[in-house]
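Data first, discussion second: the structure below is written as structure tokens.
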């Protein structure tokens, strides 16, 4: 049985960095981002990959069901039994579809949804300070923040009702955040 942790957080919360460090430090943990999974599926040349490519190549959004199937396929084929996925779900629709698919199978168990919590001010400082790409400007940041915040309460309430929502304070050093996240994951795997 694969044990899954979803890592969510605002743009600039450090969720991707935290998950990467944890997976790099532990050979028994695999870390994926949704975008990487879709690109890998396309690269594999599978039927699912061809379907995904038909949307991406035209600049269209990949349909919800296809994204969820891609994630589930990757989880089942993951090289380890413990998996971290960051930045998912991004919408209530994604969450509900993912939940439905997870409940209809027995190979993957959602152990926890870990929210790396930072204030909007800290997120803004980090994103606009890192200048990682063309999308790291104030206007784009504000839009990404809005897209993140709009469904957040509904997403966290849904997982809180399932007793799997956990919050980690993301406004500390990477070392402190990673240590807390590692401890939480280890506790939940017991």
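Just so you know, glycine gets a Cβ as well, placed from its N, Cα and C.
What Swiss-Prot records for 12, 13, 14, 15, 16, 17, 130, 172 is ATP binding site. Annotation source Swiss-Prot lists region 'NMP' at 33-62. Residues annotated as AMP binding site in Swiss-Prot: 34, 39, 60, 61, 62, 87, 88, 89, 90, 94, 132, 144. Per Swiss-Prot, region 'LID' is recorded for 129-135, and the stated evidence type is sequence analysis.
The two recorded residues residue 34 (AMP binding site) and residue 16 (ATP binding site) have their Cα atoms spaced 11 Å from each other. Across the region 'NMP' (33-62), DSSP classifies residues as 21 helix, 1 strand, 8 coil. On the backbone, the CA of residue 13 (ATP binding site) and the CA of residue 60 (AMP binding site) stand 27 Å apart. When Cβ neighbours within 10 Å are tallied across all protein chains shown, the highest count among the binding-site residues 13, 16, 17, 34, 60 belongs to 13. A gap of 11 Å separates the Cα atoms of residue 88 (AMP binding site) and residue 15 (ATP binding site). Across the structure, residue 90 (AMP binding site) and residue 15 (ATP binding site) are spaced 13 Å apart at their Cα atoms. Each of the binding-site residues 15, 90, 172 was scored by the other Cβ atoms within 10 Å of its Cβ; the lowest score goes to 172.
When Cβ atoms from all protein chains are considered, those within 10 Å of residue 14 (ATP binding site) total 24, not counting its own. Residue 172 (ATP binding site) sits 38 Å from residue 60 (AMP binding site), taking the CA atoms of both as reference points.
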